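> Take this structure, written in structure tokens, and hold onto it; I'll ask about it next.
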Amino acid sequence: MGSNDPSTPSKASKPPEQEQPPATTSGTTAPVYPEWPGFQGYPAMPPHGFFPPPVAAGQAHPYMWGPQHMVPPYGTPPPPYMMYPPGTVYAHPTAPGVHPFHYPMQTNGNLEPAGAQGAAPGAAETNGKNEPGKTSGPSANGVTSNSESGSDSESEGSDANSQNDSHSKENDVNENGSAQNGVSHSSSHGTFNKPMPLVPVQSGAVIGVAGPATNLNIGMDYWGATGSSPVPAMRGKVPSGSARGEQWDERELKKQKRKLSNRESARRSRLRKQAECEELGQRAEALKSENSSLRIELDRIKKEYEELLSKNTSLKAKLGESGGGGGSDAVPDMNERGDTNGGSHQKEP
């Protein structure tokens, strides 16, 4: 697997170095990610060249915490005024590139020796290629790139060697207090740079802390309460569809009952008014019939009065005729008779 070039002495000791376990040291070491070999699986092609922009960024933002992007593209040097919190996740590139020295990058423990700290970071990887005939040192990702004519097997062998040698080199780097990019690393950066898992949240679920049991004896039995309470803890949840439906049904029932009571009261009042109207109608009819009967009686009395009046006039005429022809003796007799009969002037036949 690969050519037997004497310029790569690490390939001869490749199998034993891969089999022996990593050396354990007394100092604190950065944790090695178990999935890191899976991240280094590049396609069978030489790495792409990376050319940083020749012109630096323009004038910096006037404020320290100005508007800034969430995460810049991988390999792009950010401006000096940007600060990012630890634990930011960067997209995995297709090929290793130049890493900016303004903030620590996620590594697998492979650091440069102390002698190479004074050199410019990424100077050997500016063009993504090394000079022909020379082997490159370990990069920030622990990937070594050979010359343009180097094979993929040689790059893979240098990968394994750089990963196994990283444990012995990081102790020296921790003692000197400086890392590859000029920023001190500790074991905490390994924990900060770990990607946080995303927990899926259901749409209907409510995230919250379980509250205490809602009963009326809050604080009454604080010291004598047992570990497991018989009353289950009530959680702050949105009322489900069934509870909401029950509430809606109760409201609808109350509304229907109210409507029925209103209709019943309106019907009773309507019946009462109708009965009153019927009674008034009956009384009006009775009064009308009584009025008509009284009118009839009045007409009869008027007729009788007319008859009596005509009789009276005829009697007066007869009396005048009889008084003028009989002499004066008959008149006192009539007066006397009238006085004795109660003043009646009627003449007996």
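Backbone N, Cα and C define each Cβ position, glycine as well.
Keep in mind that this is a model prediction, so the values were computed, not measured.
The region 'Disordered' annotation in Swiss-Prot covers 1-39, 101-196, 224-277, 312-349. Taken from Swiss-Prot, the feature compositional bias 'Polar residues' covers 1-11, 174-191. The feature compositional bias 'Low complexity' is assigned by Swiss-Prot to 113-124. Residues or ranges marked as domain 'bZIP' by Swiss-Prot: 252-315. Annotated region 'Basic motif' per Swiss-Prot: 254-273, in sequence order. The compositional bias 'Basic and acidic residues' feature in Swiss-Prot is assigned to 261-277, 334-349. What Swiss-Prot lists as region 'Leucine-zipper' is 280-315, and the listing cites sequence analysis.
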> By Cβ distance under 8 Å, which residues at least 6 away from the ends of the compositional bias 'Basic and acidic residues' (261-277) in the same chain are close to it?
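Counting only partners 6 or more residues beyond its ends, the compositional bias 'Basic and acidic residues' (261-277) has no Cβ contacts under 8 Å, so none.
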> DSSP says what for the region 'Leucine-zipper' (280-315): how many helix, strand, coil residues?
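Each residue of the region 'Leucine-zipper' (280-315) counted once, the result is 36 helix, 0 strand, 0 coil.
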> Using DSSP, how many residues in the compositional bias 'Basic and acidic residues' (261-277) fall into helix, strand and coil?
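Residue counts in helix, strand and coil order: 17 helix, 0 strand, 0 coil.
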